Amino acid sequence: MNQVTIQWDAVIALYILFSWCHGGITNINCSGHIWVEPATIFKMGMNISIYCQAAIKNCQPRKLHFYKNGIKERFQITRINKTTARLWYKNFLEPHASMYCTAECPKHFQETLICGKDISSGYPPDIPDEVTCVIYEYSGNMTCTWNAGKLTYIDTKYVVHVKSLETEEEQQYLTSSYINISTDSLQGGKKYLVWVQAANALGMEESKQLQIHLDDIVIPSAAVISRAETINATVPKTIIYWDSQTTIEKVSCEMRYKATTNQTWNVKEFDTNFTYVQQSEFYLEPNIKYVFQVRCQETGKRYWQPWSSLFFHKTPETVPQVTSKAFQHDTWNSGLTVASISTGHLTSDNRGDIGLLLGMIVFAVMLSILSLIGIFNRSFRTGIKRRILLLIPKWLYEDIPNMKNSNVVKMLQENSELMNNNSSEQVLYVDPMITEIKEIFIPEHKPTDYKKENTGPLETRDYPQNSLFDNTTVVYIPDLNTGYKPQISNFLPEGSHLSNNNEITSLTLKPPVDSLDSGNNPRLQKHPNFAFSVSSVNSLSNTIFLGELSLILNQGECSSPDIQNSVEEETTMLLENDSPSETIPEQTLLPDEFVSCLGIVNEELPSINTYFPQNILESHFNRISLLEK
C-alpha cells in the first residue's frame with residue numbers, strides 16, 4: 001500500500017513538472033484557489049504568507065500540503081478551517097519560486113492537486129546613472145547606455161526618451177538594457193536631450209537629462225595592433241606597430257602594457273595621425289612576455305574606444321638585429337593607458353631606410369664625377385671660377401693692402417674735400433668771444449704852429465664837424481700780432497680842439513662832399529664811415545682794403561645815405577693825405593655805424609657784441625702788409 005502511494009505521488013509530481021515546463025503552473029486546471037500576501041511580486045527580504053483553499057467535489061480534505069519548486073514544505077503550515085491552510089515565510093530571499101498545494105481526500109489513494117502560483121521577489125529600480133550616447137564611426141547608429149544600478153531580480157523595463165532641442169519633437173524607445181537608434185531617424189537637427197526611465201512592479205525612476213550634439217559623440221574606428229619587433233640598438237627597444245581605419249584627422253590615443261606576471265598596467269598617451277602606420281617604442285626587459293592594448297578618441301572629445309584585443313609579445317634573450325613576430329589576439333576589454341610614438345609609412349618597414357641610403361649613394365657618385373671633371377677639365381674649372389667671381393663681392397678678392405681701392409680711404413677723401421669747401425664758413429664759428437671793452441679819450445697835443453697852419457681850413461669848411469665829433473663812436477684796432485681787442489671811445493666834447501692838423505687828417509678824414517663822384521667810383525661808395533691810420537699803409541692799400549671789406553661785409557643793406565656821403569669824403573681824404581712823415585699812434589678808431597653793420601652780419605645785436613671776427617681782419621691786414629712790401 002505504501003509503495004502504491006509513493007508511485008502516485010511520483011506521477012503527480014511528474015505531471016505538475018511537465019505542465020510547468022510547457023506553460024507554468026498557472027495553466028493547471030485548479031480545484032481550488034491559492035494566493036500570496038502581500039503580492040506575488042514583492043520586495044526581497046519580506047515576510048510573506050501563502051494561502052491555499054480547496055474546492056474539490058465530494059471531498060472533505062483531511063490534510064492540505066504545500067510544495068515549493070516541487071519540494072513539500074513541512075513547517076510553518078497552519079490549518080485555518082476545513083478547506084483552507086496557510087504557509088508562512090520569514091525574510092523570503094529567493095528571486096523566483098513556484099508554489100502549489102494539494103489535498104488528501106477520503107477514499108482517494110493519492111493527493112489531489114488544488115492549484116499553484118509563481119511568486120517573485122526583487123527590488124525597485126535605481127535611478128539610471130551615467131547615461132551615454134555615442135556614434136561609432138561607420139556604424140550609422142547612436143548607441144545609448146547607462147548604469148542601471150543594483151540588480152532588481154524582477155522584470156524591469158527601460159524607456160529612452162530623445163527630444164530635439166530644435167523642433168521639440170520627442171521620441172521614446174523601449175528596451176531592457178541599451179538601445180541602438182538609427183541616425184537616419186534623428187531628423188530634428190544635431191542637438192538633443194536624452195534621458196532614461198526605469199520601471200518594474202516595485203517602482204519607477206528617471207535619470208537626469210543628457211544634452212548631446214551628434215558631431216561631438218563620434219568615436220573613431222577601432223585601433224588594432226598588428227605586429228611587434230625588437231631592434232638591437234645601443235639599448236634594445238621594442239616597436240609596436242598598430243593602425244586604425246578612421247578618417248578623423250586629430251586623434252588622441254592611449255597604449256597600455258604589462259608583463260603577464262604583473263598586475264599593474266603601464267600607460268602612455270600621445271596624439272597621432274593615422275595617415276601612417278603608428279610605431280610605439282618601448283624599452284623592455286629581455287626574455288619576458290608582455291601584453292599590449294590600445295584605444296583612441298577624437299581629440300578634445302569625451303568618449304573613448306573600448307580597449308583593443310590583447311596582443312602578446314615576448315622579448316628575446318639575446319637580441320638579434322631585427323626580430324619580427326606576430327602573436328595571437330585575445331579578446332579582452334578593460335584597463336588603463338600609454339605610448340610614445342614615431343611614425344612610419346604605410347609601405348614596408350625598411351623601404352624608407354633603403355630609399356635614404358640609395359639617395360646618399362647617388363649623391364656621392366655625382367659629386368665624385370663633378371670633382372673629377374673639375375680636376376681634369378681646365379675650361380670647366382675656369383668657367384666655374386668666373387661664375388663664382390661674379391657672385392661674390394669684390395672686396396673678398398681685391399689686393400691687400402691696396403689702399404687706393406679702399407672704401408674707407410675714398411670716404412675720408414670726400415670728407416676732406418667737404419671740409420675744405422666749408423672752411424670759410426666754419427671759421428666764422430670758431431673765434432673766441434670778446435669779453436673786455438674799454439672807453440678811452442685821445443690826449444690833447446697842441447704844437448706851437450697849430451693855430452697858424454690850420455685856422456684857415458677849419459674856419460672855411462662847410463661840413464658840420466662838431467656834430468660828427470660829438471656823436472661818432474670809434475673802435476681801436478691794435479697790432480695784429482697782439483690779437484684783436486676793440487676799444488670804443490667818443491671824440492672830445494664840443495669846444496675841444498685838436499692840437500695837430502695831422503691828427504685831424506688821420507682821424508676825421510673830411511674831404512669836400514663833391515670831391516668824389518659816387519657814380520664814377522662804385523668801389524668806394526658803399527663803405528661805412530670809418531678811418532685808418534695813414535702812417536702804416538699808403539692810399540692805394542687803403543683803397544684795396546676798403547673794397548675787399550665791402551665785398552665781405554656787404555654793407556649796402558645797412559648803410560644810410562648820410563653814411564655813404566661820409567664814406568666818400570673820408571675816402572677822398574685818404575687819397576689826398578698820404579704823408580708818411582707824420583707820427584700818429586697805431587690806433588684805429590671805428591664809428592658805431594660800422595660796428596653796428598658788422599654785428600648784423602654776425603646775426604647778433606650790435607649792443608651786445610660790437611665787433612667782427614678777428615680772423616677776417618687778420619687776412620685783410622696781411623694783404624695790406626704784402627702790398628706795402
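Count begins at 1; order follows the chain as displayed.
Placed from the backbone N, Cα and C atoms, the Cβ positions cover glycine too.
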Candidate set N273, N377, N422, residue annotated N-linked glycosylation site in Swiss-Prot: N273
Of the residues N232, N577, the one that Swiss-Prot lists under N-linked glycosylation site: N232
Per Swiss-Prot, the candidate from N141, N421 carrying the annotation N-linked glycosylation site: N141
Secondary structure composition of the domain 'Fibronectin type-III 1' (127-217) [DSSP: H/G/I, E/B, coil]: 6 helix, 52 strand, 33 coil
Distance from N180 (N-linked glycosylation site) back to N141 (N-linked glycosylation site), taken between C-alpha atoms, in Å: 6
Spatial neighbour of N180 (N-linked glycosylation site) that is closest, considering only the glycosylation sites N29, N47, N232, N262, N273 and their CA atoms: N273
Cα-to-Cα gap, N262 (N-linked glycosylation site) vs N232 (N-linked glycosylation site), nearest whole Å: 25
Between N29 (N-linked glycosylation site) and N47 (N-linked glycosylation site), the C-alpha gap once rounded to whole angstrom: 28
DSSP-assigned states of the domain 'Fibronectin type-III 2' (219-318) in counts, ordered helix, strand, coil: 0 helix, 55 strand, 45 coil
Average pLDDT across the domain 'Fibronectin type-III 1' (127-217), rounded to a whole number: 94
